[in-house]
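Asks: Below is one structure. I have some questions about it.
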Amino acid sequence: MQGDPLYVKVNKLTSTKTQLPYSYYSLPYCQPERIVDSAENLGEVLRGDRIKNSPYEFKMREPRMCNIVCRKVLDKKTAKAFKEKIDDEYRVNMILDNLPLVVPVRRFDQENGVAYQHGFHVGLKGRYAGSKEEKHFINNHLTFTVKYHKDPHADSARIVGFEVKPFSVKHEYKGEWNEKTRLTTCDPQAKRAVTSSESPQEVEGTREIIFTYDVEFQESDVKWAYRWDTYLLMADDQIHWFSIVNSLMIVLFLSGMVAMIMLRTLYRDISKYNQLETQEEAQEETGWKLVHGDVFRAPANSDLLCVYVGTGVQFFGMILVTMIFALLGFLSPSNRGGLMTAMLLLWVFMGLFAGYSSVRLYKLFKGTEWKKITLKTAFMFPATVFSIFFVLNALIWGQKSSGAVPFGTMIALVLLWFGISVPLVLLGSHIGFQKPTIQDPVKTSKIPRQIPEQAWYMNPTFSILIGGILPFGAVFIELFFILTSIWLHQFYYIFGFLFIVFVILIVTCAEITIVLCYFQLCSEDYRWWWRSYLTSGSSALYLFLYAAFYFFTKLDITKPVSGVLYFGYMLIVSYSFFVLTGTIGFYACFRFMRLIYSSVKIE
């Protein structure tokens, strides 16, 4: 309704140069009488959001001009704080009715195209005419535009947009400063508004800064349900389609190879093997049939393989369910921190499947100490990630940034892990161990067979590294957009595209592993267990290398701490990707092996 109060909240200060968020009131901005924290969910805390109230208050559909918020006199310390944030290109983020504040920027590549940038710059650097010395100027006057959609049947209206144009203005007034002082640079009675930064406000010690704002209301055709669309509009849909077509080409090529192996070679092989009548003919076996007595022999470090496969299943479940939720629209950006919270909780609950799958595989390897495997599955991957995260968090904390996860949240994460995840892994393992052992389609011989010398291209390192290129190639264009949304603070909301790419990734990992596994068996090398995992898992190496390339070509990070943070987080992402893709490849190969060896008659 007209005249209803609107309260603007302030969020963190962010910079793409340092990647270290800070609380709004870490700078000496105007403060309300009492600062109140807004309740935040787990995802918001982990993202570094710190939402508080602010002295900016409007009345619905009542424009105001030149409202004075407060007057601040800087000293050396506060001036230095502002200058540092201006140097690092920090932006101020605000929220009104759950909508983030944006600065509209004209796009010259499109007619009347407007791009939206999150938040406004703390200030800018520039020189006075005729001077060579660079000065710092602060954006102290904000012109807010609140867009609203009017209800046709009532007098009420709903907010559908929140924009700002920041200005730097050296405000002037006559006489001594007091509560009732009228500004000469910006006067509502004389209808004098701030339209440009003609005489900007410099940041120096002992300088006074007067913070002011205007607010205007604009009626909009955008309905409330669609108010997020302007934020989420992707200008480059074509690139995503191009990426998907490119990935589908890779998939078709691989599917063709798999089909050829399955139909032509295998069908011919199997029918030939099954027609061999005499023992003499059977003696002259070639190719993959020769190694039937060794192909299901337990590999070296089989315990570790079980743990990694279990963790991969946990990851796969988490990502699949998160994607489905996102596709159904449960994780829209209006629900800040929702994606992060959902992923954490799903990871914890998927522990059930991790325990089940690792123990099922362990039992196949004739293992008996299932509790040992269970504990390794419950602790190994999370402990590694938590250790890296803890070190990175200590670095952020050292920088006094709001991005540091508070101690209480750390305790909550540990409780989630020990209180829910570990018991679920144990439960899953118990269920898995009660199940009957998976039977191998062929018997394993007592004495391992000699492996002939392999050609150079069948060298494990070479074939593993080659295997990772295609799964990475299938996702790398989408990866660019994901990295941009994380590190350049843009919205990512094209889960439809992402889901298609995820399906393509699964198919690519499965097919490349099967193809390389078949070639390996044909050259009479039966050590496929670890190789199948590492073949598709090696795509994580390319992901990390691409992240390094992205860092040096697209990001403008100069601080060493920020660089360590970037590579630390990308290491966690790459490690997770390794576990996910490795497990997909392993299960594809496992199914393939059981399929081909169960279809030949073994004497």
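Note: Cβ is positioned from N, Cα and C throughout, glycine not excepted.
Predicted automatically and left uncurated, TrEMBL annotations should be read as such.
In case it helps, TrEMBL gives these features for our protein:
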- 241-263: transmembrane segment (TRANSMEM)
- 305-331: transmembrane segment (TRANSMEM)
- 337-356: transmembrane segment (TRANSMEM)
- 377-398: transmembrane segment (TRANSMEM)
- 404-427: transmembrane segment (TRANSMEM)
- 464-488: transmembrane segment (TRANSMEM)
- 494-521: transmembrane segment (TRANSMEM)
- 533-552: transmembrane segment (TRANSMEM)
- 564-590: transmembrane segment (TRANSMEM)
Asks: Taking 241-263, 305-331, 337-356, 533-552 as candidates, which has the most Cβ pairs under 8 Å with the transmembrane segment (494-521)?
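Replies: Per the Cβ under 8 Å count, 241-263.
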Asks: Could you check whether the transmembrane segment (404-427) and the transmembrane segment (464-488) come into contact, where contact means at least 3 Cβ pairs under 8 Å with the two residues of each pair 6 or more apart in sequence?
Replies: no
Asks: Would the transmembrane segment (305-331) and the transmembrane segment (464-488) count as touching if the test is at least 3 Cβ pairs under 8 Å, pairs 6 or more apart?
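Replies: The transmembrane segment (464-488) and the transmembrane segment (305-331): touching, no.
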